[in-house]
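According to TrEMBL, the features are:
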- 1-225: domain 'Cytochrome oxidase subunit I profile' (DOMAIN)
- 17-35: transmembrane segment (TRANSMEM)
- 47-66: transmembrane segment (TRANSMEM)
- 78-101: transmembrane segment (TRANSMEM)
- 113-134: transmembrane segment (TRANSMEM)
- 146-170: transmembrane segment (TRANSMEM)
- 182-202: transmembrane segment (TRANSMEM)
Amino acid sequence: DPVLYQHFFWFFGHPEVYILIIPAFGIVSEGISLFSQKIILAFDSMILALLCLSILGSGVWAHHIYTVGLEVDTRAYFTAVTIMISLPTGTKVFNWFCSYLGNSMQLSNITSIKWIILFLLTFTLGGSTGVILANSATDLALHDTYYVVAHFHFVLSLGAVIALFSSLILYQKVIFASDLSFYSSTVFHFFLSFIAVLMTFTPMHFLGFNVMPRRISDITDNFNS
């Protein structure tokens, strides 16, 4: 039963992405707290948001398989619960930004906070496209297009990698008392990554809206330059 297999696969596969991104959340919270020298705004709500993410994230697996012939009521449920995930994630992003407000950011050196700001930007954009894809009617048109590729790269792949780079600089300074922020190679790495991220994945949103399929080597002529 291929549909049952997909249910089993995504029942495990979707909570897995939260397992991957939760450490990034911790790095962002710790980095902003250390940089601003204050406790994250509404710390209790951050913990509650993480709990809500854990619960809601375990009940939305079928938004990956809207196109297999799910009933209308089933699609309506998974659409509603998937959109609800934006509430705890939006709470976390809002508290991170508010905790950061009032701090200056110099471009002469690259500290972990700059990677964190980049994480917040990509995560917010990826979350916004996720709300769009959560609607089953929209997903029926955008399923398996490059719009989906852009979404999960912005929200997860880039989020985890950017948080990793932030943690390398952060913990190198905290644990080994060695500050990597002032190395010219670190500055070059940050700006190169920032430009490459935007240039690589931003156009995929427009390709997706033009229904360019992913994982297909032979594409229609209208995508040829």
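Cβ coordinates come from backbone N, Cα and C, glycine included.
Annotation: stretch 78-101 has the most Cβ pairs under 8 Å to the transmembrane segment (47-66), among 17-35, 78-101, 113-134, 146-170, 182-202. 113-134 is the stretch from 17-35, 113-134, 182-202 with the greatest number of Cβ pairs below 8 Å to the transmembrane segment (78-101). When Cβ-Cβ distances below 8 Å are used as the criterion, the transmembrane segment (113-134) is approached by residues 24, 27-28, 31-32, 35, 63, 79, 82-83, 85-86, 89-90, 93, 96-97, 100, 103, 105, 142, 147-148, 150-156, 158-159, 162-163, 165-166, 169, 190, 193-194, 197, 205 of the same chain, each at least six residues removed from its ends. Sequence-remote contacts of a segment are chain residues at least 6 beyond its ends whose Cβ falls under 8 Å from one of its Cβ atoms, and for the transmembrane segment (182-202) they are 109-110, 114-115, 118, 122, 149-150, 153-154, 158, 162, 165, 169.
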